[in-house]
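Q: One structure, pasted below without further comment.
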Amino acid sequence: MSHEKSSPSTDNALHDHAPGAGKTKVVETVGAGGEPQQHIAHDADHSDGVAHLTDNFGHRISDNENSLKAGARGPTLLEDFILREKIFHFDHERIPERIVHARGSGAHGVFECTKAIPELTKASIFQHVGATCPVFARLSTVAGGAGSIDTPRDVRGFAVKFYTDSGNWDLVGNDIPVFFIQDAIKFPDFVHSVKMEADRGFPQAASAHDTFWDFVSLVPESTHMVLWAMSDRGIPRSLRMMEGFGVHTFRFVNEKGEGHFIKFHWKPVLGIESTTWDEAVKIAGANPDFHRCDLFEAIREGNFPQWDLGVQVFDEEWAEKQPYDVLDATKLIPEEEIPVQIIGRMTLNRNVDNFFAETEQVAFMPTNVIPGIDFTNDPLLQGRLFSYLDTQKSRLGTTNFHQIPINAPKCPFHNFQRDGMMQTLVPVGRANYEPNSLAEAGEEGGPRACPETGYVTFPENGERNDPTQKLRIRPESFADHYSQARMFYRSQTESEQAHIASAMVFELSKVQLEHVRKRFLANLRNVDESLAKRVADGLAMDLPAKAKAAREPQDWGTSDALSIQKQAKNTMQGRSIAILFAEGSDLQEINRFKRLIESEGGTPVLVAPKVGGIAVKGGTLKADGLLAGSPSVLFDAVISILMPDQAAKLAHDSAAVQWFMDAYSHCKTIAHCKGTQVILDRAGVEKDDGVVPLDQFEKVGVKRHWAREPKVRDLA
Ligand code: HDE
């Protein structure tokens, strides 16, 4: 892709103006013509080596402590433009939060093509192995507001903006491969039902309430996704350990104009990991920003999270033979049927400099596609193609949101769009329309359409369809709402199935409308009778009659790719492991474990009853976290190195006892010295494959010991 010369129509005069002519921090972004541009990020004036505080128009401020008053004790004057500008700007700091996905964390990174696929797509980024482009990813929860907790039971958004040399490509997906509804027209209803209830304004960031379950029980197509949300996928351990999915069927188009259907997948290099529900709830109290901190700190420490991008590729002929419709976003394509081929890798390697400017103002749009990637007729996707552009205008306030650095493409862009609020480009000349012949008079004529390289829509968007009819109907091929939900449930391990049942019991126990619970149970019988029975028993309810299914569900077998536990990785990589110590603990031993964890790519965290510096055998040691403030839910495994007298003391400290009790009941590895036994006894921790002496830690590793679960939780 050639970098064209900047057209006068989009010349950006921003770069040489900055408040106070300051020279503080220079941020490089991309100009309208694709050329790098420098913006001065701070409003400080460094011209004589000192940072001078100024107002937004460059006037130096003499006093930032006192407003201007008529007399020392008199009224504040309206003429105090410094005070008024400061308060005025502050009053308008907030913009409307996203109606969904308001809570999110973002990071910059790079995408690299690892397999060239020109036979499938002409997308520039997939033409050569080793081709790279910058990316920005925003990972989010869906239902809660911007300040809500990171670990509710919820779907997670997985949005990636690829700044390619042929324009921005936004892959705006989720961590679950299917969706609640089939048609965009139901989205406002669905979202209203899951957000806090309209009259009372609660619950925040939770699906465990009447209106959500009322909606999903009335809309059987949501059942498949409800199972995913109630599974451990709904409570991820870390944003770095989630899968991502494009959800819809998209289309690749190659140079010859041939199309292939595709599904996008992101596979985390660290493996998939979730929490238990009890753990998620406790993390919310211990650190409501758990996921945001985890992502930020991992990147700051140089432990860059990575995901492989994969595609499932199939053609229309294959699609026709399936017992479901590939245009139906409530269905997935089992990986056993169409394997996922890995074509690239994303590495997030740079934290944002400013949360608001980047993570808050980033505007994702599924309409951002590049030549070689196209949509399909999925009616959910088609609705999204309108919604995202529209929402940015209300969130960011102007049609010129594409000029905000995080949203601007990093390749040239030229057109005749003009003016609008907050216009920061300064186009020169008269050419603001086309066609024009101004060039013939020696004037700048502006850009022209490019038939050879421009975006061409794939012509056959009428799959199994008669485009001459206007109909408001749901195709018959979308009618099976239960078979894949059944396949999902039956693909889970015993303990994962128990988690789904418990999650449903918990959520439905919060539903006060009895008929809603019954209706959901009646639907659930179509998924799996034993699951429905289990949930009914958990609620002490009788099973209602089975709901009539629009189409009788079928047994479609199982798929291991749907289970987290079946794919679990036993690794310290990216995991954080607590080392508990106290007075007299052996420094050498502590350091040995620290080194081991670090060499395996994990993060050791020292936890002690006091943080400032404790006398240990061999020196003084500071802790990273206070025992009472660092519950074991924050770690993936725990190690305890305590002298018997200190252990005896801690055995009477509920924080210490709870620390081990939780690590045990959350099925984590506990490696401990002999002295610790007295606390373990009080915490009810019994020996098993994961409760081991210190010297076995390396062998056992950092994984969950699910076989322990029936001992610590009623899985009935
Ligand atoms: Fe979204 N969605 N969505 N969505 N969505 C938004 O756009 C919408 C859907 C997803 O980190 C909004 O900028 C409609 C599916 C993510 O900034 C809004 C429909 C999937 C994000 C919107 C859907 C998603 C959003 C709110 C049904 C997975 C966060 C703010 C037709 C494939 C992006 C915004 C970020 C955000 C509309 C369904 C993923 C209102 C109408 C399916 C990851 O435009």
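Backbone N, Cα and C define each Cβ position, glycine as well.
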Q: Report the candidate from Phe187, Phe190, Phe458 that shares the heme site with Arg98, Arg138, Arg384, Tyr388, Arg395, as recorded in TrEMBL.
A: Phe187
Q: With TrEMBL as the source, which of 37-56, 257-276, 417-436 is set down as region 'Disordered'?
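A: The listed stretch tagged region 'Disordered' in TrEMBL is 37-56.
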Q: Taking 1-21, 547-567 as the choices, which stretch does TrEMBL tie to region 'Disordered'?
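A: That would be 1-21, the stretch labelled region 'Disordered' in TrEMBL.
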Q: Are there residues of the same chain, six or more positions away from Arg98 (heme binding site), whose CB falls under 8 angstroms from its CB, and which are they?
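A: When sequence neighbours closer than 6 are ignored, Arg98 (heme binding site) has Gly104, Ser140, Ala146, Thr391, Arg395 within Cβ distance under 8 Å.
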Q: My understanding is the cutoff is Cβ-Cβ under 8 Å with a sequence separation of 6 or more in the same chain; which residues meet that for Phe187 (heme binding site)?
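A: In sequence order, the residues whose Cβ lies under 8 Å from that of Phe187 (heme binding site) (at least 6 apart) are Ile181, Leu380, Gly383, Ser387.
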